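Colleague: Sharing the features that TrEMBL gives for it:
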BINDING   238-245, 321-325, 385-388  GTP binding site
DOMAIN    406-419  domain 'SRP54-type proteins GTP-binding'
Amino acid sequence: MSNWPNNQPDSEDKKISQEYYISWAQKAYKHIQEEKAIEQSDTSQVNTIETIDSLSINTSTSDKSLKKNIPTWMQKSNRLDALKENATESKAYNNETSVDLNKEFVWSAKILANQGRDPEDVTKDEIQWLTRLHQGLGKTRRGLLNKLKFVLGQGPLNNDVVAEIEAILLQADIGINATDYIITSLQDKLLEESLPSEQAIEYLKNILCDILNSPLKKVQNSEILVKKEVLNIWLLTGVNGAGKTTTIGKLAYLAQQLGHSCIIAAADTFRAAAVEQVRLWGEKTNTPVIANPGKNTDPAAVVYDGLIAAQARGVDLLLIDTAGRLQNKTNLMEELAKIRRVIDKKAENAHVESLLVIDATLGQNGLRQTELFLEAAHLSGVILTKLDGTSKGGIAIAIAQQFGLPIRFIGVGEDIQDLKPFSSYEFVEALLNE
């Protein structure tokens, strides 16, 4: 089983542990507030400098007599326009939401502490992300955890209780394959020792983490990374409505936040308005978009143009949006195969990831999509979107177990910051920890 970080038993140790987490959270909160104060101070100084520069630029001219002829109201207007422009640029995609030292903060702090983090290294964004993840999986967690607690509260784990757990897991869209694996693991554990109910959920967390981490044993990197000194190509596939185009925009934003240059190739030429949607995301994230707005454009030709542009500009990451026409599987496979041939020929040394975007609200229907695209797109990973507001978050476990595909990113909201790399520990804790 996985080495689960700092699982604490009940009784006095748990009480001490909770006090430790609260203390850790208080230190992290203090650090975040101090960083915020420093940031506000720096911003204030920068704005003062910008204001002085703007005033001097707008009012200075080599012709003194011409300056006198400029009406005062126009001079003020020019200054105001300059200040507005600077203010708009400085606030682009700033997350001004504050954090409060509440129950969600302490929960998020606990997750970070258990991963060996220092409270003085924690950022506001990390706390906010974990809070959104915990809240986003709320429906799945309440449906799963409440039932498990009721069943496990009947006494030590036995075969009758295991049978009830099996039904609960299936209802949570964890899938037949994953459920069978979990139940077998629980039954094997019962043969070794008696498992008190209070330890059963912790043991279940270990099993789920093992399932989610298992696909990573087959890949070179446990994390999906933008490699240095080589072109990285992420080919995104998925049916219409899964959030593929939105995910492209969020990935572009995330890559830029990590210091990577990026280009988007709008190769979904089948769906009306797809190219325009990609362009809008390009504008939002200040990411160049390679597209051909003409009718019946060959997607592979757009990918080719994207490769040429990416190589010419020396960018780190090329994101490719593709069509998702499951109603015509043959054409889909031919189209994706042609795109891969273009990539292999034009960028043979590139690092390629083929990522399937799945709408988590579909539950078990997402397994059928994964099966079809796995063959057509030679998938290397999955991106789960719309995990917030669904009771079917167990689909992540089902996909990992049935297809051996790693979950690479998850989305828990509509904001541009609501997509992050997947962590099995954080996901399972959000799923089975109040």
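For all residues, glycine too, the Cβ spot is worked out from N, Cα and C.
Thinking about packing and proximity, how do these listed features fit into the structure?
Modeller: For Gly238 (GTP binding site), applying a Cβ distance below 8 Å and a minimum sequence separation of six or more within one chain yields Lys244, Gly324, Leu356, Val357, Ile358, Gln369, Phe373. DSSP assigns Gly238 (GTP binding site) to coil in the three-state reduction, outside any helix or strand.
Here the domain 'SRP54-type proteins GTP-binding' (406-419) has Cβ contacts under 8 Å with residues 93, 95, 125, 128-129, 132-133, 135-137, 212, 215-216, 219, 224, 243, 246-247, 249-251, 253-254, 284-285, 353, 355, 380-388, 396, 399-400, 427 of the same chain, all six or more residues outside its ends.
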Colleague: Which of the three DSSP-derived classes (helix, strand, coil) applies to Lys244 (GTP binding site)?
Modeller: helix
Colleague: Provide the three-state DSSP residue tally for the domain 'SRP54-type proteins GTP-binding' (406-419): helix first, then strand, then coil.
Modeller: 0 helix, 6 strand, 8 coil
Colleague: So how many other Cβ atoms are close to Lys244 (GTP binding site), meaning within 10 Å of its Cβ?
Modeller: 28
Colleague: Tell me the Cβ contacts of Thr322 (GTP binding site) under 8 Å, same chain only and six or more apart in sequence, or just say none.
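Modeller: Sequence-distant Cβ neighbours: Leu235, Leu236, Thr237, Lys244, Ala267, Asp268, Pro299, Glu335, Leu336, Ile339.
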